[in-house]
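Structure, as structure tokens:
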Amino acid sequence: MKRFFQPIQKEGSSFKKSTLSPPSTNNHAQNPEASGDDNKKKKKKEPSKFVTWNANSFLLRVKNNWPEFTKFVETLDPDVIAIQEVRMPAAGAKGTPKNQGELKDDTSSSREEKQILMRAISSPPFKSYDVWWSLSDSKYAGTALFVKKCFPPKKVSFSLDRTELVDGDWPSDNNCLVALDTPNDKVSSMPWANIQVSNILSATQELQYFPSSSKHEPDGRVILAEFESFRILNTYSPNNGWKEEENAFQRRRKWDKRIMEFVIEISDKPLIWCGDLNVSHEEIDVSHPEFFSSAKLNGYIPPNKEDCGQPGFTLSERKRFGAILKEGMLADAYRFLQKEKDMERGFSWSGNPVGKYRGKRMRIDYFIVSEKLKDRIVACEMHGQGIELQGFYGSDHCPVSLELSQASPDSDQS
């Protein structure tokens, strides 16, 4: 039977439509024009077309570049859109714990900004998507994941740490989802007092708990969505910085170590890892290798030669990234298809058109896929070009897209 989810309700509570993680206001509104998506769902069981984009402030893009970006989305029609550098603060008053899955709206300015953003994503084509946020406490970093409503993920989480349901983790509200094998189960009518965990597990062999305040990475750098046959990981990897400091070299080393552990641990199911990964793996991935290799900040030279150079192009970062790909049995989708350097369309980040970084470009935004998905890669493309940032839509990064062929019914990807 097809697996689906229903929410457990308190005794006497009214029925509410289930959500896979706590949605932002208006994020999961009914879409009266969803028939087109429903027709597509009959043809495609899971997402196969993806876009990742570091927006360099999602609000600024909405204010200044939305018609152009909207046209891009309408034309490409992706099933999933991964956004980095949302730069919208998480909900919560000053000095109180923040809800990183909700946009801040407790001041007049934050309410106005939220309304501007929500109006934009409540209009076509974005109203055909559900959206999940992982935000920082301030206007810094943050990620978002848009998934077409016709492809609801089985689970969405916001941390590289995998959590399991343990005794005592039962919630006191409705924020629990139980995986069922048949829609005939009348779970919504069951009060918590009448539920036996062992009975549910023995009947379904699966139980997943989504707390109302799932753990998020600091600065909202991770969103992980799980589908039937693969997972997609959207990350905004921290910049390496220029010095041997806690918020620079040390932070990036710790991040790379955790990513390495993560990709090895979740190898039970194919992975699509996308986002601003803040590293250019090979010399072919930058426009001017010598410039980036010799770059300095205020003349400072790190004691370790492998830490010298432009953040994202130091030898130590590149070696760690290569090790992650090797140990995680992962492939760089763009480089799998494009073996040669493309000075016009082969980079996803471009320096300021004014100043010493004019024309200096790097490929730091990726789609990394499990080796098992490699043969399904149809296309992986950078959608910006030239030193004048054509197709960047106001950001210093351009969108990158990935298209996979549909999995054959008898293929074994897990």
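All positions are counted from 1 along the displayed chain.
Backbone N, Cα and C define each Cβ position, glycine as well.
Taken from TrEMBL as is:
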- 11-33: compositional bias 'Polar residues' (COMPBIAS)
- 51-397: domain 'Endonuclease/exonuclease/phosphatase' (DOMAIN)
- ASN56, GLU85, ASP276, ASN278, ASP396, HIS397: Mg(2+) binding site (BINDING)
- 101-111: compositional bias 'Basic and acidic residues' (COMPBIAS)
- TYR236: active site (ACT_SITE)
- ASP276: active site, proton donor/acceptor (ACT_SITE)
- ASN278: site 'Transition state stabilizer' (SITE)
Spatial neighbours, same chain, of ASP396 (Mg(2+) binding site) - Cβ under 8 Å, 6+ residues apart:
ASN54, ASN56, TRP349, SER350, GLY351, ASN352, LEU389
Work out, from DSSP, the number of helix, strand and coil residues along the compositional bias 'Basic and acidic residues' (101-111).
4 helix, 3 strand, 4 coil
Specify the count of other C-beta atoms within 10 Å of the C-beta of GLU85 (Mg(2+) binding site).
25
Which one, from the recorded positions ASN56, TYR236, ASP276, has the smallest tally of other C-beta atoms lying within 10 Å of its C-beta?
ASN56
What mean pLDDT score does the domain 'Endonuclease/exonuclease/phosphatase' (51-397) have in the model?
87
Across all the protein chains here, work out how many other Cβ atoms are within 10 Å of the Cβ of HIS397 (Mg(2+) binding site).
25
Measuring Cα to Cα, tell me the gap between ASN278 (Mg(2+) binding site) and TYR236 (active site) in whole angstrom.
8
For ASN278 (Mg(2+) binding site), just count the other CB atoms lying within 10 A of its CB, please.
24
Among GLU85, ASP276, HIS397, i.e. the binding-site residues, the one with its Cα nearest that of TYR236 (active site) is ASP276
